[in-house]
Amino acid sequence: MEKTFAIIKPDAFAAGNAGKILARIYQEGFTVIGLKKLCMSQREAEGFYAVHNKKPFFAELTKFMSSGPCIVMVLEAEGCIGKWRDLMGATNPADAKPGSLRREFGTIVGENATHGSDAPETAAVELEYFFSGLELL
């Protein structure tokens, strides 16, 4: 069974949508095998998004991701990465298909409610940033 890493971002949490997003995750057939509510420090956000450290949006992204609580998760399902990315929708909520999480709960590109790994290798690195193997059920 494939795994992926997911985040319910601070904007969705602040808007009171974390529970609605979690409900959709379960409704769509994902199994949550790891879940933590946390507030990333600026340093933790910079470490997690280090792959983007030379990009112009890096400072804004890490400031936003350390601006409030979020939920980090490890999801499991058949074809999990593609299935989760499809449920999230396009990065820009305005371009996301109706019914997708980003269309429903996101507002702008930088505050688009959710994050998801884009490949198995990325998922492995990202989930290990927040979870040890002993924490995944």
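Backbone N, Cα and C define each Cβ position, glycine as well.
Long-range C-beta contacts of N112 (ATP binding site), restricted to its own chain and to partners at least six residues apart, with a cutoff below 8 Å, comprise K9, D11, T91, N92, P93, R102, G106. Per Swiss-Prot, the feature ATP binding site maps to K9, F57, R85, T91, R102, N112.
Positions annotated as active site, pros-phosphohistidine intermediate by Swiss-Prot: H115. The Cβ of H115 (active site, pros-phosphohistidine intermediate) has 21 other Cβ atoms within 10 Å, all protein chains considered.
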CB contacts for R102 (ATP binding site) [other CB atoms within 10 A, all chains]: 24
Cα-to-Cα gap, F57 (ATP binding site) vs H115 (active site, pros-phosphohistidine intermediate), nearest whole Å: 15
